[in-house]
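Asks: The following block contains the structure, expressed as structure tokens.
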Amino acid sequence: KVTFPLVLAVIVTVMGSTFQYGYNIAVVNAPAPVNYCFNCQLMYRFFCHFNSFNSDLILWSFTVSIYTVGGMIGSFSTGFFVKKFGRKGALLVSNSLSIVGAILMGTSKAANSLEMIIIARFLLGIFAGLATGVVPLYLGEISPKAIRGALGVISQLSITIGILTAQLLSLKEVLGTAELWPILLAFTGVPSAMQLCVLPFLPESPRCLLIDRDREDLARKALIKFRGTSDVAVEIREMRHEAEAQASTDQLSVLEVLKDQSVRWQIISIAFIQFTQQMCGINAIFFYLNTIFEAAGVAGDTQNYASVGVGTVNVFMTVISVLLMDRLGRKILLAGGYAIAGVFCIVMTISLNLQDQISWISNLSIASVIGFIIGFALMCSPVPWILTAELFRQSSRPAASSIGCGVNWTFNFALALVFPFMQKGMGPYVFLFFLCICAIATAYVVIIIPETKGKTFQEINNMFVKRNKVKE
């Protein structure tokens, strides 16, 4: 059954970690902080000294992109933090980065310092990179296998809620003004403070306690609290079996996991689906969002409200994904999501090319945006993070999470760098590139990825035995 301690642990974990990932992605698009950064004379003069052309754009692009640089560092550090502090401890330690970042951004206007915002964005990026790696591990290990997929989607749901929260608070009627934007940026510290107050009183991951620390007594107490029953013998036996199977193996490093033949296809699969999640076209959709709204006759002043509408659709479809994950399974949702995204890439290419010639075609563009986001939020967005936690044994899971999250953040950063040039050179035909990515991803999921719904971690590992050419 779903118990209060389990629900509380899930809510506190995601709201204090991955929620902020989404919030800090969207909050920098608020007009007030952008205008302030363009008018911050000290850093402006610094950039003008090196490049007088488009120095304001370079300045703001640097402020935004430093977040993904921090994310790469944080994601590749997941294994180290988890090994040293455990799942829960890693979350608590990482909150120091968020709180320091919030303080820096909240006081940056009084200090008239854009440098403080840049440093804060970097720290928050490291925090977000750790969150995307640690949260799926903790949620996957405390969840009953019957609802492990649904609870795993909660992490992605919190990201979409974070994005929507930032969009709402950025409205000029709320905090999106020249006077209140420091509070808008500093709000990210509030969920971290909440997590620091509550999470210490909740149990550590039972699998971490038994398999990594050999504390079966504490693991049993944690399971009893999470499950609401003393009948946890089956789960204890399954964890003990996994512990015995890897008794001669310590927690593996990233390099050791990359060399380990027994997880070779799991690593390839995780790296591939994290790569395709970034490269399937969702970033291009958001890039063209305002262009599409303008062509459809949406006035500039109301485009922020239209973006809130898109964010609401994103949240709603992720809620639906929670309900479907343990009914339809991971494989069907992931393959179906990429197939849907590919179809709308075709429609977007056609509609963007014709919207200047045919007036009503801009409405098709808006429908395509909504359709793409529905497919992505419902299927492509949550599944890679769930599989990253499910496809590996306890000894290799933290390092594998570092690799998967690192790939995701690296291509997030790379796409941010090259996409403006792709868009300039290819125009609307850039969606044909993303169509190819979606087609390859669909084929790979159908052929290679097994269904993990309702399986134990050991059973999932055994599914790859033949492909990895090792003994069970």
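Even glycines carry a Cβ here, placed using N, Cα and C.
Nobody curates TrEMBL annotations by hand; they come from automatic prediction.
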Asks: With the ranges 27-48, 181-202 to choose from, which does TrEMBL describe as transmembrane segment?
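Replies: TrEMBL lists transmembrane segment for residues 181-202.
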Asks: With Cβ distances under 8 Å as the criterion, find the stretch in 57-82, 89-106, 267-293 that has the most pairs with the transmembrane segment (332-352).
Replies: 267-293
Asks: Six or more residues out from either end of the transmembrane segment (305-325), which same-chain residues have a Cβ under 8 Å from its Cβ atoms?
Replies: 26, 149-150, 152-154, 156-157, 160-161, 163-164, 167-168, 171, 289, 293, 298, 333, 369-370, 373-374, 377-379, 381-383, 386, 453
Asks: Name the range, of those listed as 89-106, 118-139, 181-202, that has the largest tally of Cβ pairs under 8 Å with the transmembrane segment (57-82).
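Replies: Per the Cβ count, the answer is 118-139.
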Asks: For the transmembrane segment (118-139), what are the same-chain contacts with Cβ under 8 Å, counting residues 6+ beyond its ends?
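Replies: Tertiary neighbours of the transmembrane segment (118-139) are 10, 13-14, 17-18, 20-21, 24, 28, 43, 62-64, 66-78, 81-82, 87-88, 90-91, 94-95, 97-98, 100-102, 104-105, 108, 151-152, 154-155, 185, 188, 205, 385-386, 388-389, 397-398, 401-402, 404-405, 408-409.
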